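What TrEMBL records for Cys156 is active site, proton donor. Sequence annotations record features per position, and here TrEMBL assigns CTP binding site to Asp278, Lys288, Phe323, Lys337, Lys341. As annotated by TrEMBL, domain 'Flavoprotein' applies to 4-176. Residues or ranges marked as domain 'DNA/pantothenate metabolism flavoprotein C-terminal' by TrEMBL: 186-395. The region 'Phosphopantothenoylcysteine decarboxylase' annotation in TrEMBL covers 1-189. Among the features that TrEMBL reports, region 'Phosphopantothenate--cysteine ligase' is placed at 190-398.
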Amino acid sequence: MNGKNILLAVSGGIAVYKAVALTSKLTQAGANVKVMMTRHAQEFVPPLSFQVLSRNDVYTDTFDEKDSGVVAHINLADWADLVLVAPATANMIGKMANGIADDMVTTTLLATEAPVWVAPAMNVHMMNHPAVVRNITQLYKDGVRFIEPDEGYLACGYVGRGRLEEPEKIVAHIRRFFSEDNKSLLGKNVLVTAGPTREKIDPVRYLTNRSTGKMGFQVAEQAYLKGAHVTLVTTVKDRPIPDAVETVYVDSAEEMYQAVTTRAEKQDAFVMTAAVADYTPLHVADQKIKKQPGDTALEMTRTKDILAEIGARKKARQVVIGFAAETENVAENAKRKLETKQADYIVANDVSKDGAGFGTDTNIVTFYGADGSVEDFPLLEKREVAEKITAKIVEKLG
Ligand code: CTP
């Protein structure tokens with residue numbers, strides 16, 4: 001979104017406060033933001049809030065020409081790479097659908113040739129009213145894109161559909177829109193596993209490993225930006241991801257196995273970056289285990305191999321990519337995993353090398369393909385590795 005000009009049109013509903021956060025998130029994402037407000041929007045939040053966060057003048061009146069050298073609404077309409085109407089009230093949607101231009105916002109909306117996105121926010125009954133449904137249908141036909149409202153508690157006391165989508169999610173939609181290659185995985189379902197599993201010993205202890213989930217989160221983001229519907233199955237709760245990615249939080253290897261296998265059928269591709277425990281305590285103590293004199297041992301049992309299970313079930317249309325975290329004999333181990341897990345690719349990395357493996361922002365990987373191909377890559381940002389992995393998916397899915 002860096003350097004993109006986004007014109008935010010704010011109409012008058014209680015969700016205007018969220019448009020303030022949205023302005024901040026858009027500018028943080030690198031966009032140039034200009035805001036225009038209807039008269040009623042200003043009843044909720046003064047223009048000054050938007051002016052400070054966007055670091056630009058706020059436009060409220062068609063006849064308040066700030067620069068005599070240009071006609072404000074035409075200039076703004078031409079400046080925009082994208083116009084975002086958020087929140088869009090039923091009244092605003094009605095005016096847009098009927099080409100009414102009776103204030104700064106609606107006049108500019110008629111004058112722009114930029115793509116227009118609308119994020120509605122209103123009471124659930126208003127949302128379902130035939131007139132509103134009719135207007136939304138008309139706008140769809142006119143090429144306007146919608147960011148569907150969320151379900152939840154509405155300011156009017158009702159619970160239902162009509163709440164303005166969260167600012168983070170709106171930003172994610174727009175980022176994807178501006179991403180250069182946002183169609184190569186359009187309509188495809190990609191499942192990614194990420195992070196270390198946690199195997200419970202007792203209520204206060206567990207076994208885990210040094211994985212942080214960075215690689216998997218990057219893969220999820222890249223697949224999302226390429227247009228895929230992404231399901232991220234992860235143990236990592238404190239790392240931001242595009243909110244439009246469907247996230248399933250799990251803890252143990254068994255939970256991850258269940259989460260993946262129950263969602264496997266509809267997937268087109270799997271990328272298994274998670275560091276899954278190979279063993280789990282045979283018994284989980286109900287109470288904290290108290291120390292005893294002398295040494296002790298923990299009896300462990302094997303977990304299920306999620307990647308191997310997915311590889312065994314793999315349909316011809318599905319692509320399966322696994323990782324191999326190694327500290328020695330990288331090529332040999334990766335090729336063995338490629339075979340035993342029946343993957344299309346194994347992305348191998350020597351986690352003992354500087355700049356590779358757990359917790360770093362970079363990785364040094366080699367792709368081993370079931371077709372016998374071997375591709376070595378230099379030190380790359382994990383984002384770049386994720387880019388290469390998703391490019392492989394695009395290539396395999398044709
Ligand atoms: N994997 C998995 N389920 C497991 C173990 C591993 O899905 N129970 C996946 C990982 O997500 C990774 C690949 O299998 O994509 C290889 O994981 P790795 O830990 O490198 O290898 P292991 O299968 O555990 O084999 P080894 O212990 O011999 O290294």
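The backbone N, Cα and C atoms fix where each Cβ goes, and this holds for glycine too.
Whatever TrEMBL says is automated annotation, not expert-curated.
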Cys156 (active site, proton donor) versus binding-site residues Asp278, Lys288, Lys337 - nearest by Cα = Lys288
Can you tell me the three-state DSSP label for Lys337 (CTP binding site)?
-> helix
Based on Cβ atoms within 10 Å, give me the single least packed residue among the binding-site residues Lys288, Lys337, Lys341.
-> Lys288
List the same-chain residues at least 6 positions away in sequence whose Cβ sits under 8 Å from the Cβ of Phe323 (CTP binding site), in sequence order, or say none.
-> Met215, Met272, Thr273, Ile346, Val347, Ala348, Asn349
Find the average pLDDT over the domain 'Flavoprotein' (4-176) in the predicted model and report it.
-> 94
Please find which two of Asp278, Lys288, Phe323, Lys337, Lys341 have the most distant C-alpha atoms, given that the record lists them as binding CTP, and give only that distance in angstrom, rounded to a whole number.
-> 37
Looking only at Cβ atoms, how many others are within 10 Å of the one on Asp278 (CTP binding site)?
-> 13
